[in-house]
Amino acid sequence: MPVTNKIKTNVPLAPYTTFKIGGPADFFVEIESKDELEEAFGWAKEKNLPFYFLGGGSNILISDKGLRGLTIKLGNKTIDVRGERLYCGAGVSLAQAAQAATGHKFSGLEWAYGIPRATVGGAIRGNAEAFGTNMSDLTETVEVYNAKKKRFELYSKKDCKFEYRGSIFKKNGHLLIWQGTLKLFAADGVDIDKKVEKVLGFRNAKQPKLPSAGCIFKNVSADHLKESNPELYSRADRAISPRGEVSAGWLIDSAGLKGKTIGGAKISLEHANFIINIGKATAEDIITLISYTKQQVRDKFRIQLSEEIGYLGFE
Ligand SMILES: Cc1cc2nc3c(=O)[nH]c(=O)nc-3n(C[C@H](O)[C@H](O)[C@H](O)COP(=O)(O)OP(=O)(O)OC[C@H]3O[C@@H](n4cnc5c(N)ncnc54)[C@H](O)[C@@H]3O)c2cc1C
């Protein structure tokens, strides 16, 4: 079937996000093959329409007005384990990748248990991380569709230019991740089940149950805090990670903002770096609460928070 037959119009996007927020996409298509992808881009180009990518929608805020142009949901869900390597389509859920890894007694993805709906493509783009392991620690190669050059390209780990919560893909909106090869570790001496249990236990206790988009803000460099606010730094020891980052949640909590509510958006009582949708929150409510939080933390601690989540449709 030609992909143009699959393109739908005026599709509400809220159900495609974990925030459950966002207006409609003018045009929406779920892509399953390379041919479909190239055809969809060709269609959008011919009509001079902008395009947006959607993975699991677990780290984004979509505008109440929705998205003009073509929204492409990555449906490439092929997954294969060969030796210590996991070959994942960009649309494979992180949870499924983690299960495939542990099912084959490989270690490396235990941290990804309990993250709802995230895809491997979205996780590579944002260099997702938890409990000290980053996607960049596992990613060996990434197959990418370069929408400017209209061709598929293979990126080595070095080409991906991974950084804290970022990569070359985050800086270049024309690069769509199609597939990722992850290198896992033999579980020599590692009790994988125990690790998974610990991760799930932590997430159950700390992760709010209401709709959210995970952590809103990036953590802050401890050196930066030491310079800007030595007094607060002296109290931050337990909030500093082994990598030298101060938890943004701790800063927000220390500013007394847990529970702060604007419209349907609330700073979670369980984890201050989560904003939850307590029912009928709009993107406007979330943005207003984000701005308020940044202003309060800046005024109280002279620290500028920056967002980990991405915004779509606000340009
Ligand atoms: C309850 C909860 C817990 C979470 N815990 C963690 C955690 O422990 N660690 C962590 O790092 N994150 C966490 N997150 C955030 C989120 O799940 C991750 O950042 C995840 O990697 C986002 O993937 P996604 O597929 O949902 O991306 P989306 O939210 O769909 O997209 C994010 C951005 O990536 C782009 N994008 C998506 N797919 C592609 C692709 N294939 N190619 C190019 N661009 C693409 C989108 O256009 C968008 O700009 C959590 C979220 C929730 C809701």
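Using the three backbone atoms N, Cα and C, a Cβ is placed for every residue, glycine included.
Taken verbatim from TrEMBL:
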- 20-187: domain 'FAD-binding PCMH-type' (DOMAIN)
- Arg165: active site (ACT_SITE)
- Cys215: active site, proton donor (ACT_SITE)
- Glu308: active site (ACT_SITE)
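All features noted in TrEMBL, drawn onto the structure.
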residue: Arg165; record: active site; DSSP (3 states): coil
residue: Cys215; record: active site, proton donor; DSSP (3 states): strand
residue: Glu308; record: active site; DSSP (3 states): coil
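Comparing the residue listed as 'active site, proton donor' with Glu308 (active site), their Cα atoms are 7 Å apart once rounded. All protein chains shown were included, and the count of other CB atoms within 10 Å of the CB of the residue listed as 'active site, proton donor' stands at 21.
Mean pLDDT, taken over the domain 'FAD-binding PCMH-type' (20-187), works out to 96 on the 0 to 100 scale. In sequence order, Asn59, Gly126, Arg165, Gly214, Cys215, Ile216, Phe217, Lys218 constitute the residues six or more apart from Glu308 (active site) in its chain with CB-CB distances below 8 Å.
For Arg165 (active site), other Cβ atoms within 10 Å of its Cβ number 19.
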